[in-house]
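What follows is a short report on a single structure.
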Amino acid sequence: MKVRAQVPTVKNATNFNMVADSKTAVGSTLENLKAAIAGETGAHAKYTAFAKAAREQGYEQIARLFEATAAAELIHIGLEYALVAEMEPGYEKPTVAAPSAYSCDLNLISGANGEIYETSDMYPAFIRKAQEEGNSKAVHVFTRAKLAESVHAERYLAAYNDIDAPDDDKFHLCPICGYIHKGEDFEKCPICFRPKDTFTAY
């Protein structure tokens, strides 16, 4: 993802359209925030399990990618939970059962499929509803999550294609929006403009 002149938003970017055959059940913005938290919670658990499996199968770099992405999902959960807590004090985050993990290549495809769904279906639908309700905070949070998820999908597909040809590159996680950069050739987050020296390396 290239750094733009301004932070990308639904107003200045053209990749916020929603798929025609949407599988997302859209409710109120509060309900959508809760649904997003549930989805991100499941993703965090899944990627944590996938990281463990990748390491056991000898894919150290891919294990670090799964760990970075699991941490990114925690960032999204925190942002979404903060909004829910404002709207519904006392709300408790959901829990999920420990997921299964499979061969590393299949885990990467599973991860990519989930990230593509969130990028092309779930978050665009939630952004649209938040706009209708005039909830600018939710639009902001959903937008940053959507943009980060598209990069997560890209990272998973690249790792899948190069599974037998790993390199030594580290993954760098933005602490604000969950963007993940591979390698050292960047100065700031292209989504929220956070400087490189605040990122966490995996």
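Every residue, even glycine, has its Cβ placed from backbone N, Cα and C.
Taken from Swiss-Prot, the feature Fe cation 1 binding site applies to Glu40, Glu73, Glu118, Glu149. Secondary structure at Glu149 (Fe cation 1 binding site), taken from DSSP and collapsed to helix, strand or coil, is helix.
The Fe cation 2 binding site annotation in Swiss-Prot covers Glu73, Glu115, Glu149, His152. Cβ neighbour count for Glu149 (Fe cation 1 binding site) (all protein chains, 10 Å cutoff from its Cβ): 27.
Within its own chain, Cys174 (Fe cation 3 binding site) has Ala148, Ile180, His181, Cys189, Ile191, Cys192, Arg194, Thr198, Phe199 as residues 6 or more apart in sequence whose C-beta sits under 8 angstroms from its own. Residues or ranges marked as Fe cation 3 binding site in Swiss-Prot: Cys174, Cys177, Cys189, Cys192.
Taken from Swiss-Prot, the feature domain 'Ferritin-like diiron' covers 23-168, and the record attributes it to sequence analysis.
The domain 'Rubredoxin-like' annotation in Swiss-Prot covers 169-202. If one looks beyond the domain 'Rubredoxin-like' (169-202) by at least 6 residues along the same chain, the residues whose Cβ comes under 8 Å of a Cβ in the stretch are 1-4, 7-8, 61, 64-65, 67-69, 71-73, 75-76, 144-145, 147-148, 151-152, 155, 158.
Distance from the CA of Glu40 (Fe cation 1 binding site) to the CA of His152 (Fe cation 2 binding site) is 13 Å. The DSSP breakdown of the domain 'Ferritin-like diiron' (23-168) into helical (H, G, I), extended (E, B) and coil residues amounts to 112 helix, 0 strand, 34 coil. In the structure shown, the C-beta of Cys189 has more C-beta neighbours within 10 angstroms than that of any other entry among the binding-site residues Cys189, Cys192. In sequence order, Ala36, Gly39, Ala43, Ala72, His76, Gly114, Glu115, Ala145, Ala148, His152, Gly178 are the residues of the same chain, not among Glu40, Glu73, Glu118, Glu149, whose CB sits within 8 A of the CB centroid for the Fe cation 1 site.
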